[in-house]
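Novice: Quick one: this structure, given as structure tokens, is what I'll be asking you about.
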Amino acid sequence: MFSDELGAGTHEPLLAGLNPEQRAAVTLPEGHALILAGAGSGKTRVLTTRIAWLLQTGRATPGGILAVTFTNKAAREMLTRLSGMLPINVRGMWIGTFHGLCNRMLRAHHKLAGLPQAFQILDQQDQLSAIKRLCKQHQVDDQRFPPKQLQQFIGSCKEEGMRPRDVPQHNPAMRRQAEIYQLYEEQCQREGVADFGELMLRSFELLRDNDPIRMHYQRRFAHILVDEFQDTNRLQYRWLKQLAGDEQNGQLRTMGSVMAVGDDDQSIYAFRGARVGNMQDFVREFDVRQTIKLEENYRSYSNILDCANALIAHNARRLGKNLRTAQGPGEPVRIFEAASDFAEAQWMVDEIRALTSAGMARQQIAVLYRSNAQSRVIESALFNAGVSYRVYGGLRFFERAEIKHALAYLRLLENVHDDTSFVRVVNFPPRGIGARTLEQLQDAARSAGCSLHDAAAQIKGAAGAKLGGFVALIEVLREQTQGQSLRAIIERMLDASGLVEHYRSDKEGEDRIENLHELVNAAESFVVQEGFGRDAVALPLDEQRGSGLTQSPVSQGLDPSQPAAGGFIDQDTGETLSPLVAFLTHAALEAGDNQAQAGQDAVQLMTVHASKGLEFDAVFIGGLEEGLFPHDNAMSDQAGLEEERRLMYVAITRARQRLYLSHAQTRMLHGQTRYNVRSRFLDELPQEALKWLTPQRAGAAQARGGAGGGFSAWSDAAPSRFGSKGEVFASPPVPPQKAQPAHGLRVGLAVFHTKFGEGKVLAIEGSGDDARAQVHFPRHGTKWLALAVAKLTVVD
DNA sequence: GGGGTTAACATTTTT
DNA sequence: TGTTAACCCC
């Protein structure tokens, strides 16, 4: 099909427009390579062009490539661009998310992996409720072991590749947690479900423990490409190693080439297991000879890049990289100090209005913040000003309660032993099956060692009758929907379950009913798009031909020219997933769009984390205050602080033309007024690139050190509303100094206490008689002191 | 079983 | 301060 393209020079258009580094990365010879791709350096372009180039020049076949990303969005983007570059069918190619590809592998080898082919996937919510159910059943003390914590524990065990028996059992608490982990695993196994971590771990173990399978994939994937490598966790890295080759005498012997693309300066997911160290390990263990830095930035003016470069230079242990641009300096980066969070938001609104009236599109303007709580003030300021906006994050389509209920019914149709789903809908809509009945049922199920569904018959009396009714409902529905289309199944289910009926009587049920109908649409379009080569798609027959259905995976893998086998086909029996199971898998693996579509022409509000990978003409970053950004919880150690700085780096590099930074002297937090010092990050930026919109006072560094001085001008007054912008702040050459709080303390000051000795002020809350200060005393630890009572003197 | 009340908690989040 | 989940009573 694309053999025509192989003629000399025909790949030129592919490489046209690439800079030398990009071109070098795209055309690297065989061997492992690390591509350090700075923000805005055309990373995705390089990645996809590399794949296209490998295919076009005959260096690889579609089936011989594995490309892995973190998000469905990134995977989709790659597929779209790739099919735009080459006339190939990307369907069936192994391009997807880590979890999507693991899922595919597990479906294909489910017997060896010890799973039913139609296993269901638990998302976070499902996992938590499964754990809660388990804790109840085994009388786990939920004070000592809160379900959330157990979920976290199990998750991180799996990320580290640990099964219950591998958990170090130093103390009784650890032993107990390992026990619960073990019980949880047994429960999942019994119910035929797998959580996200399990997909990854099970797939890893499948490769590790089955030589033929591992070798099959090692031979098959001559080229492995990894996106956002800096965000891989330990298990994902080990999984990649299994696919790449075997270790012999501590030496990794690989068959194909691994290209890792990432940016250590943009690693912001340590809190969920991301390990920047994987980059260094990769270079060492894979003996990487080729490292290419993409430092040319096509996004931002140089003032913005100068800020980014200067800031990130404060981090130690970097691989080292400096962004550059051919563009001019552009506008200076503006910094604004507001009296309050309220005033900060108002300033943003005023600036946003100025930008839009100068012709900038609203959707090209983003307001970024460190924590979600910050959005509230900004939202109300925008709302009052009549500026349309859109907040990212929040509930996704498949996470909505009504959708989850509907999915639970569908899951039960597929597998009546799915107790998570059973519990979810056995009494929803209400059928008079209460907590007592459920408890009885769970006891019966446990002593009989069977599922809730099977135990239902054992319950006597009225409760038993009601349970019987539910079981019968599912049974009847199952028979009725046998062989039906996905659409028909869902419509039938919505009707028979009473879900729609239930919401009809609910005053807020209208939206929910609409969503339930939307579920039918989602299923429809899933069926239509089925076969896009992702997730659990049952491939049509013509795609199955030549995929080695009748061959063992080993022999099949010997021929690299074969097209990718649809991974949802049982490698032994050739059985494919039913559309229903495929759809349920799709729903779990891809929770759907993140935001309701509120008008296109809207300012974008999101956390810095959510902004990664995006770009905007104008970017506002608010709340640049010590304690908020960098966040208190992250400042205890160097690593935490450095991650905060990377986060700031990500935020800065989102901006194309204009960047606005702001902080507030006063901020409402948890219903109390906090006085915050401006973020150290602001003092790490190059002055030449900045324009302070408000007079600059002693920086955070001085304040923290307790040195020098001047008065800090706090506003204890109620936040004031500013009529037109700049009225209050732009003109006066002297800062508008308000009365200083009577206690005269500031965050960072050294103080002396008659009993605790010398200490340092960490935070101040409240005012007047209620004022309290958090002070750290080297000998007595950190204490909150009521300033009206405690006698503190400022130490020079 | 539902509705109201109260207590606890409040970084970041994809799959 | 605002939300959420647990809890208690009818």
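Glycine is treated like the rest: Cβ placed from N, Cα and C.
A quick note: this is a predicted structure, and the numbers were derived from the prediction, not measured.
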Novice: In TrEMBL, which of A:140-166, A:545-571 is tagged region 'Disordered'?
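Specialist: From TrEMBL, the annotated region 'Disordered' range turns out to be A:545-571.
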Novice: Between A:Gly38, A:Gly42, which of the binding-site residues has the fewest other CB atoms within 10 angstroms in the structure shown?
Specialist: A:Gly42
Novice: With every protein chain in view, what's the tally of Cβ atoms within 10 Å of the Cβ of A:Thr44 (ATP binding site), excluding that atom itself?
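Specialist: Summing over all protein chains shown, A:Thr44 (ATP binding site) has 17 other Cβ atoms within 10 Å.
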Novice: Compute the mean position of the Cβ atoms of A:Ala37, A:Gly38, A:Ala39, A:Gly40, A:Ser41, A:Gly42, A:Lys43, A:Thr44, which form the recorded ATP site, and then list in sequence order the other residues of that chain whose Cβ is within 8 Å of it.
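Specialist: Result: A:Val46, A:Asp263, A:Leu294, A:Asn297.
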Novice: Quick one: what's DSSP say for A:Ala37 (ATP binding site), helix, strand or coil?
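Specialist: A:Ala37 (ATP binding site) sits in a strand per DSSP.
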Novice: Give the mean pLDDT for the domain 'UvrD-like helicase C-terminal' (A:302-613) on the 0 to 100 scale.
Specialist: 85
Novice: How many neighbouring Cβ atoms, not counting its own, are there within 10 Å of the Cβ of A:Ala37 (ATP binding site)?
Specialist: 29
Novice: So how many other Cβ atoms are close to A:Ala39 (ATP binding site), meaning within 10 Å of its Cβ?
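Specialist: If we count other Cβ atoms within 10 Å of A:Ala39 (ATP binding site), we arrive at 25.
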Novice: Enumerate same-chain residues with a sequence separation of six or more from A:Ser41 (ATP binding site) and a Cβ-Cβ distance below 8 A; give 'none' if the list is empty.
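Specialist: Once residues fewer than 6 apart are set aside, A:Ser41 (ATP binding site) is near A:Gln22, A:Leu294, A:Glu295, A:Glu296, A:Asn297, A:Tyr298, A:Leu323.
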